[in-house]
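Here is what TrEMBL records for this protein:
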DOMAIN    27-250  domain 'Peptidase S11 D-alanyl-D-alanine carboxypeptidase A N-terminal'
ACT_SITE  Ser61  active site, acyl-ester intermediate
ACT_SITE  Lys64  active site, acyl-ester intermediate
ACT_SITE  Ser116  active site
BINDING   Lys220  substrate binding site
Amino acid sequence: MRSRTIRLICLLIFMLHFILINNEMIYAKPLVSAEQAILIDQDSGTVLYEKNADNPQLIASITKVMTAIIAIEYGELTDQVKISREAVTVEGSSIYLEENEKMSLEDLLYGLMLRSGNDAAIAIAEHIGGSVDGFVYLMNEKANWLGLEQTHFENPHGLDSEHHYSTSKDIALLMRYAMENEVFAEINQTKSYRSSSRTYSWHNKNKLLTNYYPYTIGGKTGYTKAAGRTLVSVAQKNNRQLIAVTINDPNDWFDHMQLYEWGFNQIEQLDLLTLGNVDQLTRPTFLEVAYHYLLKMVGL
């Protein structure tokens with residue numbers, strides 16, 4: 001009996017050591033290149049990972065998530081929008097609109113989200129807000145309503161401005177809200193789209209969606225020299241959706257993929273070990289996981 005007890009104790013020590021090592025591998029936080037980053041659960045808003053997530057910074061074209069949701073909520077997709085000179089002369093990325101042409105609001109939204117057209121952003125803003133300033137007012141009102149405390153908009157496209165900024169946390173909350181809208185979610189997951197007024201298709205710039213990560217269901221890219229590469233994306237696996245945001249990240253595609261793999265793995269492990277709902281947790285506990293699993297293994 002004593003010999004059996006000693007063997008059991010030795011087995012427990014060995015298994016505990018093994019499980020702790022493996023759990024450290026499972027739960028080790030990803031090392032991301034981004035100046036700031038966040039990963040949240042879509043359903044609950046629970047923060048699974050964050051790095052400097054509350055520091056206001058330039059955000060580039062991920063601004064257009066707000067532009068799109070405001071347009072969808074205030075406009076009609078069938079609206080015909082007349083393109084102004086201000087729209088066609090704005091700098092940066094473009095869908096090559098022509099002055100005085102007309103395009104549906106729906107087509108402009110696809111051009112905005114898939115090709116990041118700054119001209120589309122101005123055209124949408126003028127149509128919905130009556131002017132760019134009027135539209136920006138709506139953007140900031142929505143930001144306040146959503147509780148985006150570290151966010152202020154000064155334009156609908158995201159070109160650099162001292163008074164145009166946000167955080168990875170606020171952008172994640174914004175995307176979480178926007179994804180509840182069926183029209184936005186449909187546009188956001190579209191890989192290519194052809195406007196009725198064009199002879200060619202617009203292909204989505206989000207390579208996570210089109211090339212790299214099969215669980216991706218949407219997102220928005222951004223870049224300016226001052227802001228660096230910015231990216232917000234959404235992924236779904238086993239009926240769970242996660243949202244990742246990185247700002248000033250030279251390796252954003254890779255970082256988003258590793259954040260998702262880490263996040264989904266955490267959720268799977270927590271579900272498997274029945275440690276309660278992940279929505280109620282902020283950090284997994286290595287010892288609790290190991291101890292719980294160890295007791296199940298030895299039948300105690």
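Each residue, glycine too, has its Cβ placed from N, Cα and C.
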### Message
Please report the three-state DSSP label of Ser116 (active site).
### Response
coil
### Message
What does the structure give for the C-alpha distance between the residue listed as 'active site' and Lys220 (substrate binding site)? Integer Å is fine.
### Response
8
### Message
Radius 10 Å, atoms counted are CB only; among the recorded positions Lys64, Lys220, which position scores highest?
### Response
Lys220
### Query
Taking the Cα atoms as reference points, how far is Lys64 (active site, acyl-ester intermediate) from the residue listed as 'substrate binding site' in Å?
8
### Message
What are the sequence-distant neighbours of Ser61 (active site, acyl-ester intermediate), meaning same chain, six or more residues apart, C-beta distance under 8 angstroms?
### Response
Ser93, Ser116, His157, Gly158, Lys220, Thr221, Gly222, Tyr223, Thr230
